[in-house]
Amino acid sequence: MTLSVIEGKWKLIILCHLGLKGMKRFGELKKLIPTVTQKMLTNKLRELENDGLVHREVYPVVPPKVEYSLTEQGEHLLPILHMLEVWGSNYLKTKSEIL
């Protein structure tokens, strides 16, 4: 269950960008992650919102304005993601030294 919430290539990238750079509009996220398609970014943001990690704020203006940010649960996930990054770096370094 836990891994399914953050599985895949895009969710971690989205979470990291929102965690490091704060609230972002869809277009800003798309520019930060140029290799993701609009459809995929939309789907992953919806999944993260449904899982309670991302908040979607819709402003009643024309043209429509929507911003995405981390929820409290999303914020709690950031230190864990950082620990995984550190572990991965150490693992790759150790593995390359063995080979």
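Backbone N, Cα and C atoms are what each Cβ position is placed from, and that goes for glycine too.
What TrEMBL says about this protein:
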DOMAIN    1-96  domain 'HTH hxlR-type'
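In the predicted model, the domain 'HTH hxlR-type' (1-96) shows an average pLDDT of 93. Break the domain 'HTH hxlR-type' (1-96) down by DSSP state and the numbers are 63 helix, 14 strand, 19 coil.
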